[in-house]
Amino acid sequence: MYALFLLASLLGAALAGPVLGLKECTRGSAVWCQNVKTASDCGAVKHCLQTVWNKPTVKSLPCDICKDVVTAAGDMLKDNATEEEILVYLEKTCDWLPKPNMSASCKEIVDSYLPVILDIIKGEMSRPGEVCSALNLCESLQKHLAELNHQKQLESNKIPELDMTEVVAPFMANIPLLLYPQDGPRSKPQPKDNGDVCQDCIQMVTDIQTAVRTNSTFVQALVEHVKEECDRLGPGMADICKNYISQYSEIAIQMMMHMQPKEICALVGFCDEVKEMPMQTLVPAKVASKNVIPALELVEPIKKHEVPAKSDVYCEVCEFLVKEVTKLIDNNKTEKEILDAFDKMCSKLPKSLSEECQEVVDTYGSSILSILLEEVSPELVCSMLHLCSGTRLPALTVHVTQPKDGGFCEVCKKLVGYLDRNLEKNSTKQEILAALEKGCSFLPDPYQKQCDQFVAEYEPVLIEILVEVMDPSFVCLKIGACPSAHKPLLGTEKCIWGPSYWCQNTETAAQCNAVEHCKRHVWN
């Protein structure tokens, strides 16, 4: 795609390179039609006028000035003005251009190629835009829009939602012709051999996807190889083929990495069409907590992990810490300075609360900071950590296979880190789900299989948490993928654990005097 930016640059950039030789002139109109200089050196002025320079252009100051000048120069030719007079007029016009390097380049090309320019003006008096495109002072509208689209993708960290068929199909549909050119117009397509062609295609696409992930130079080599195949299409089609590959190869490869090999092969006709599978219905949070996360292996009886609400003491301590951390953040303190200040915060509380404060700091200190740095409202932090009841999030009860020694911890952090970098704040559950399904393919090979297992096991509970916060350490600790350095804080009475305990059944609800609460907020 960098070639497109170079081809769309103005006159100064066009003159920066050496004089074209025979080898460069064999590369087609992408090289010939950069400007009058390259077209003249390659003997392709007429071709460029008929196929490239006659396309719509972008409205700009250099382009408008150029059109006025060309029109005036045409009138001067009608009045039998000499070449010297027109040269002086054109050079004076170059001085009007806004940038010094553009003005100098304009004068150089006018001095060197005046006869060619005059011939173009004589033949295209009614279309000054074509002459200005030849001078590279009017930019192609098609190239300009392509650059804007590419720049927009670079500036956004959101995973694009593109129409796969619209983007990939034209590029991929040409692959059979490139790899297996036809001998003549009467040749017949080769028949498929009982699905062998489909399997070969799937294997080829799989190998390509693997190579793209593991070999940084493979993509460029692949594009160059396909361009070489374009030469087999003959002089007329070869240039069109190469230009097409240059324009669409990058986005086609990007989309190919998001598709299954069989989908791609069906798209280009090597495999039967893949039937669409309906997406699995998302289960509400309160239902997702029971028997929806499959165990990967048989293990000893699994204990039920609950995140209980804490007593009022822990709630008050948490709210105090949140206020202190918020003040430090507002004063532009660094993360390290804030973490170092946690112990001093506890000294501000009465001695009767120092032990509880230290427990909260040790267990939840980094999580409090991470959540606040995500610009979450301070009033919600302690509820999210289940240290305060009331408006807190419903506790999630999950049954998971315990990985040995935190086996999923590293892959969890890498995946959540990927989501944090590529998803915008306030992303919907659907956007998070789509990103989860694609995220594993972007991790290094050693993590991909483990990542797929991790997503299959943790997906429901992971989505619920990612809607609120995307800090890798906090999320992976919260869902149990990473082991905690401290035991969670528990109250002395089970009823202070909150709704996660109250609403287990009618007996516990009655025991904690919470039947009405459970009916309104949990059992409905």
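Including glycine, each Cβ sits where the backbone N, Cα and C put it.
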Swiss-Prot annotation, disulfide partner of CYS201 among CYS132, CYS138, CYS265: CYS265
CYS315: disulphide-linked cysteine among CYS241, CYS271, CYS357, CYS388 [source: Swiss-Prot]: CYS388
Disulphide bridge to CYS66 as given by Swiss-Prot, partner from CYS132, CYS198, CYS230: CYS132
Greatest C-beta neighbour count within 10 angstroms, which of the glycosylation sites ASN101, ASN215: ASN101
Residue pair CYS451 (disulfide bond), CYS388 (disulfide bond) - Cα distance, angstrom, rounded: 33
Assigned conformation of CYS357 (disulfide bond) - DSSP reduced to three states: helix
For the disulfide-bonded residues CYS198, CYS265, CYS271, CYS382, CYS451, the one whose C-beta sees the most other C-beta atoms within 10 angstroms: CYS382
Pairwise Cα distance for CYS132 (disulfide bond)/CYS138 (disulfide bond) [Å, integer]: 5
Minimum Cα separation from CYS241 (disulfide bond), reported as the residue among recorded positions CYS138, CYS201, ASN215, CYS271 that achieves it: CYS201
